[in-house]
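Data block below; observations after.
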Ligand SMILES: Nc1ncnc2c1ncn2[C@@H]1O[C@H](COP(=O)(O)OP(=O)(O)OP(=O)(O)O)[C@@H](O)[C@H]1O
């Protein structure tokens, strides 16, 4: 189906962009020249179509774009096509080249003739060439048809005015050509042959040219066609791509639609979800707020907790500190308690009471065998208390310094006993004794057994340990004696032959000094170490009287006494001590009826009880502070007098039996021990060796006296020294004054000597002259031999004028007081330095001999005599003024013999005034005195 397009052209309907379009143009509208344009709009987005141009009656060629749906393509391109261009395209209506025309005349008929050669030639190459690319896309098949004169002129378009003008010009020319062609047709018949021959040549030429041009155009067209093909293909591809894209777009739009639908659903779902979520969010927000609030609260709580933990930590620290303090306080308390106890003990000790330790033995095998029960309660043993349960549910509490139960071993017991051992070495008398019912363990406590040594052994051990410890500071001599009181007799157990039962020498207790009792004749074994001491003790113990009783198989039938005498000397201060350690194992008190003793055992028991009774009496007397203490009622108390009367430190072990059957004896013993504990003996006294002390005291007294004497001597000496120093000072002062005086006198003397000498010389010279005059006068009367006279006169002439001149001058000077002291001094010095100058020259001597009648007169050497006899002292004021000297009354020189001590150094040397030491000046003063004496 074909549609008529504006401008008279028919455009095949349903033209697809990019596809070949055929425009059917009625032949009436085609004037012979048509231009085919590629109306592809390069800016069209979708497709482009073909445009055909119609040369209207006005001579304009209008281009109409058959555009698809693009508005931009609607802007038709209007072109004014030259005839040459139209001709160029006519043979190529078929884009594929299939309808190729051999000649344009064939297809266009008379058109070819209507084409003016000039116009063809005028057609510029660039148009032709530039047209090529424009015709690539749409080859057109032209059909001739009636042209429509009613073709409306193209609408005036903005921007196409210029093209319209140009097009008008061309159309005008084409019209001319058309007219010419019509003339040709009409006149051709008339002048065909004439004009044919003329034009034929021209046409042939033009035709040749056109052919060439055609060839060129063909080539161009081919290029354009190829290009067009390429473009077409590209367009097709593009169209295809576009189509694909459209399809894709469609598909996608569909997909999008489905997606959108889904999305809408999703959206609604999401909206719902969002709503739910927003609800949830609101809830969560609320929860968050709540949580935030809570967190704030928790934060505050944490702060509070931190503060609390800090305060708790502080409290913990405080608690720890308090605990530490409490611990410290506890320790301090325990220390204080201990100290208090010690102090209490010390107070007790100072009070001087006897310390009592109670020890209970365990039930022995027999007692255990008979099922004996214990009557002693040791619950408060640590506090020194024990409770004795009586038969009738009565209890009695006893308090002692220490209580040792049956389980306490020897070591524990000795721990509390050890300080007593040290006290012995410190010079105190110590008495340790064990008291108690027979068979209660007295011997066990004191001596012990193999493997469980008792107090005796351990005390000695401690003694020697401390002695070793104090080595170099103290020196000790230890002697040991062992004796027993058996049947009120003292036996020395160290004597040879003192075996049990053997008759030994009886010993007595004697008082050798105030408060010192001794057993004369007692063997004292010197020991230097523990082994020796123990050996001695064992020897004595073996000799002890032991018997078997009902109560004890090996019952001690005597009081065994070990005496350790300690002589100590402090090597630092020389202090000596004499102390004693009594270690007494008393015989056990027993009820004769109970033990059923008979014979010797009975006698022993009676003596034992008697001595123990005496001990009880003494204790009672001491406890009640009775004036008379019955020490001498028994040998035992007599021996222990020193220990019980106050000088000693006494320790009593009260031994008891745990057996319920022995409660009576136990109570007796404990009561006795309690009484003993209450005794105040007074402060223990150190047993300083008196002899040594007095000797030292004497020595000290002597030394003190010596010191006093020495002090007095030193004092007097110091006083003497002081007075001597004062004297020395005065003498030094005097010496200085005297030295000054002496100097003055010396200078005076010197001057006087010189002057005197001058006087003497002058006098002699005058005398000599006088004599010469006299002699001359005599010669006149009595002529002398010439030789002699000449000789004398010559000598006189030589000597006299000079001496006389000088002397005369000096004398005159002296008289006139014009010569100076210096001159005199120099003169004097000259003469003194040259002794010969002081003497008279030979001529003078001769003169003297002449004066004295030829006999040589002895020159007096003593200047004093000369001065006395000849020379008056020169007036002092004629010389230098003398230095100021103290008046003699003030510094009167002492007598010569006294001066010897105090005079200054000799005049030849200046005095050295020394006020420091007397001795230093003594030498100088002596020499000074000597010089003065010589003077
Ligand atoms: N604390 C104790 N631990 C163990 N055994 C003990 C203790 N005390 C005493 N004995 C034992 O009891 C017995 C009697 O002791 P011991 O001979 O020492 O008594 P005694 O008081 O000296 O008697 P006597 O006065 O008759 O001499 C001994 O066999 C001794 O070993």
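Each residue, glycine too, has its Cβ placed from N, Cα and C.
Per TrEMBL, the features are:
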{"type": "BINDING", "residues": "436, 437, 438, 439, 440, 441, 442, 443", "note": "ATP binding site"}
{"type": "COILED", "residues": "207-248", "note": "coiled coil"}
{"type": "COILED", "residues": "274-346", "note": "coiled coil"}
{"type": "COMPBIAS", "residues": "852-862", "note": "compositional bias 'Polar residues'"}
{"type": "DOMAIN", "residues": "353-679", "note": "domain 'Kinesin motor'"}
{"type": "REGION", "residues": "140-167", "note": "region 'Disordered'"}
{"type": "REGION", "residues": "829-879", "note": "region 'Disordered'"}
### Task
Using CB under 6 Å from any atom of ligand 1, narrow the binding-site residues 437, 440, 442, 443 to the ones that qualify.
440, 442, 443
### Message
With the cut-off set at 10 Å between Cβ atoms, which of these binding-site residues ends up with the most neighbours? Options: 438, 440, 443.
### Response
440
### Message
With every protein chain in view, what's the tally of Cβ atoms within 10 Å of the Cβ of residue 441 (ATP binding site), excluding that atom itself?
### Response
24
### Those binding-site residues listed as 436, 439, and which of them has the most Cβ atoms within 10 Å of its own Cβ
436
### Sparsest Cβ surroundings (other CB atoms within 10 Å) among the binding-site residues 437, 442
437
### Message
Looking at the coiled coil (274-346) alone, can you tell me the average pLDDT?
### Response
81
### Query
According to DSSP, does residue 438 (ATP binding site) fall in a helix, a strand, or coil?
coil
